Ligand code: AHG
Ligand code: MN
Ligand code: MN
Ligand code: MN
């Protein structure tokens, strides 16, 4: 079968949809190249001195892993000089990162979770990188955090790399979702799945059950119905899967359906859940909706949320749209 590279795919998409200008295509190719470099580091494991803790804390209050920092550096260095960006933002950096004055500025802004699933790094379970692209506001001067406060529906591209048995890149620019597999010998991304679609119905759910006692009633109700299986109101059995790497759980859902949930919990109503809106929930919501799925915070579409803080958290319910509708409906009844 004729192999289609990432570049050829993006050029053809531009001809079809005219929404991938050269600057955006070049930006996506730079990010994809950076993900290849991260994949190479991840693959070294103990042989590459990339495992273990960096003994530093990030703005999230998490102890950073060495690979959190290595991946962040790789993405910063790869994207600083190209001239496509005005600024970057990352889970691992407290404030935004303007492009240094020695480099030309572009009209895009890149946000990323450089290493998603950090708790899985040292036990050789799939991890990944998540990224989101916004346009810089017209006439923007020195970039500020306020320039990043755009709803997820404003994203012009989003994607993730998953570093698993294969290294894969999943990408959307608003014309559906496509998946590329890294050919390690050639060092190139090869199109391996076109137009990914999430089944509307599923019998599989993903949630961290150890937080059950802290969930709000709509989630308690929904999960207890799934757990009741064929003796309960749903009349059928459900399977639970939880990898604790969002990229890996979302990738499974993109391929065979499912619902992924990270709810807010009662412990701290000021912190609505664990996942971050700007560089986890928004890019994944864009991808999931482009694949025919749904993504809400329990009450509203994630892509409609107007951000106020760069690192703000949001409850996440995403995946097979019929199941997202059920649990969202329970929230709306309260
Ligand atoms: P990160 O490693 O970038 O901080 O993200 C981890 C997130 C997400 O990948 C995953 O779904 C979730 O944390 C797992 O949370 P638990 O450890 O509570 O299961
Ligand atoms: Mn993450
Ligand atoms: Mn991370
Ligand atoms: Mn983290």
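Keep in mind that glycine also has a Cβ here, set from the backbone N, Cα and C atoms.
Curation plays no part in TrEMBL annotations; they are all automatic predictions.
Sequence-distant neighbours of residue 91 (Mg(2+) 1 binding site): residues of the same chain at least 6 apart with a C-beta under 8 Å from its C-beta are 58, 60, 68, 112, 113, 114, 276, 279, 280, 311. The DSSP secondary structure for residue 91 (Mg(2+) 1 binding site) is coil. Residues or ranges marked as Mg(2+) 1 binding site by TrEMBL: 91, 113, 115.
Cβ contacts within 10 Å of residue 116 (Mg(2+) 2 binding site), excluding its own Cβ and spanning all protein chains shown: 28. In the three-state DSSP reading, residue 116 (Mg(2+) 2 binding site) counts as strand. Annotated Mg(2+) 2 binding site per TrEMBL: 113, 116, 280, in sequence order.
Feature annotation from TrEMBL assigns substrate binding site to 116, 117, 118, 119, 208, 274.
Confidence for the domain 'Fructose-1-6-bisphosphatase class I N-terminal' (5-193), expressed as mean pLDDT, is 97. According to TrEMBL, the feature domain 'Fructose-1-6-bisphosphatase class I N-terminal' maps to 5-193.
Per TrEMBL, domain 'Fructose-1-6-bisphosphatase class 1 C-terminal' is recorded for 198-331. Each residue in the domain 'Fructose-1-6-bisphosphatase class 1 C-terminal' (198-331) gets a DSSP state, and the totals come to 60 helix, 21 strand, 53 coil.
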Report the binding-site residues (113, 116, 117, 118, 208, 280) that meet this criterion: Cβ distance to the nearest atom of ligand 1 under 6 Å. Use sequence order and write none if nothing qualifies.
113, 116, 117, 118, 208
I need the neighbours of the Mg(2+) 2 site defined by 113, 116, 280. Which other residues of that chain put their C-beta within 8 angstroms of the C-beta centroid, in sequence order?
91, 112, 117, 128, 129, 130, 160, 246, 247, 275, 276, 279
Checking the binding-site residues 117, 119, 208, 274, 280: which ones have Cβ within under 6 Å of ligand 3?
none
Of the binding-site residues 113, 116, 118, 280, which ones put their CB under 6 Å from ligand 4?
118
